[in-house]
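**Q** Take this structure, written in structure tokens, and hold onto it; I'll ask about it next.
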Amino acid sequence: MKKVFIRTFGCQMNEYDSDKMLAVLAEEHGGIEQVTQADEADIILFNTCSVREKAQEKVFSDLGRVRPLKEKNPGLIIGVAGCVASQEGENIIKRAPYVDVVFGPQTLHRLPKMIVDKETSGLSQVDISFPEIEKFDHLPPARVEGGAAFVSIMEGCSKYCSFCVVPYTRGEEFSRPLNDVLTEIANLAQQGVKEINLLGQNVNAYCGEMDDGEICDFATLLRIVHEIPGIERMRFTTSHPREFTDSIIECYRDLPKLVSHLHLPIQSGSDRVLSAMKRGYTALEYKSIIRKLRAIRPDLCLSSDFIVGFPGETEREFEQTLKLVKDIAFDLSFVFIYSPRPGTPAANLHDDTPHEEKVRRLEALNEVIEAETARINQTMIGTVQRCLVEGISKKDPDQLQARTANNRVVNFTGTPNMINQMIDLEITEAYTFSLRGKVVEA
């Protein structure tokens, strides 16, 4: 049985793709063994992220560490997948000639054939084309062991924000046909999955073709998935404010399975910076979306992405972001220092903000967000939360870990038969990034 080591960098889309790589290899070889140490593997895969320079360079650092394994075992297969593969292509082979296969997010289904071609010809294989929907036509049926699962409904992005490489590494937006998505979710529900997370670079742009040739938009998809037997909770990742329509907002009013947590990246509270980023909305328009959402879901927890130190960002513009964060009360958000990416329009902008100042802004923004997260956690003490038990706690092997609808991790004492089940937990303690609870007896 082939032993496979895979290291995944970046977003949840990459996590999903890594699972699919393992699935196509398992189908090809009649099963595989996933190992946690590279020196135990027959196949080593790095599924990469190019959103920030640091993540991209780490890939080449990791490749350097496995080079001695290749020298010791020439039959070892080393592969680079994901967005760095799409961006760099043949350059990866030039920089690391011991790499055997390089493939992008849309060609991962071709991995088994690429390995065979490498073994037959002795030549490294590179395939970073964008065949769009073909990938999903060649992936084996989803198999899961947990109570939650990701389902990719669309890929790519056509927004072309000035700082972002995604349209260049994952291609333009394309949506899976409605029936394909529903079949996958129904299959997962039959396997015991309770929670579905609909996945895409911009899920609100979903426009899947229906059997009658009509187009299903994202709000309609949410309503259909809501009625699939066995599915108890629904999430989606990630959205773009420009297409967060009233019909999507109304789903929060009508669909109780849709969790009270939303990740909606804003990036900045400054209209000038948002315009330079080519985001296509203003801070006021973003706040209008949130106002409508909280009018119908007052308990909605909102997380976001922020970039500090974007070229030309002034102290006043950063203060506008800080004020927006306080006004909206963002929770569990992600703050990054701007990282110029080759080939993007923003990479050509003049940047005169010292790195030390960018670090200060990052820390200031994180401080405000973490304070709000801690405040929300404190308000949950004494409440009973419906939670999905994910498995053994990462903090204590004698405890279990569950997740609330608003995306909080709860550690508690339980029994193994609770894993992958929905249970009620009373929250007894709150920390900055997790909660402690106890089982509510029926």
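Using the three backbone atoms N, Cα and C, a Cβ is placed for every residue, glycine included.
Below are the features listed in Swiss-Prot for this protein:
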BINDING   CYS11, CYS49, CYS83  [4Fe-4S] cluster 1 binding site
BINDING   CYS157, CYS161, CYS164  [4Fe-4S] cluster 2 binding site
DOMAIN    2-120  domain 'MTTase N-terminal'
DOMAIN    143-375  domain 'Radical SAM core'
DOMAIN    378-441  domain 'TRAM'
**Q** Using a 10 Å cut-off on CB atoms, tell me which of the binding-site residues CYS11, CYS49, CYS157, CYS161 is the least crowded.
**A** CYS11
**Q** Including all protein chains shown, what's the count of other C-beta atoms within 10 A of the C-beta of CYS83 ([4Fe-4S] cluster 1 binding site)?
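**A** There are 28 of them.
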**Q** Do me a favour and check the Cα-Cα span between CYS157 ([4Fe-4S] cluster 2 binding site) and CYS83 ([4Fe-4S] cluster 1 binding site); whole Å is fine.
**A** 13
**Q** Does DSSP give CYS83 ([4Fe-4S] cluster 1 binding site) helix, strand or coil?
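**A** Where CYS83 ([4Fe-4S] cluster 1 binding site) sits, the three-state DSSP reduction gives helix.
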**Q** Please report the three-state DSSP label of CYS11 ([4Fe-4S] cluster 1 binding site).
**A** coil
**Q** Inside 10 Å of the Cβ of CYS164 ([4Fe-4S] cluster 2 binding site), count up the other Cβ atoms and send me the figure.
**A** 21
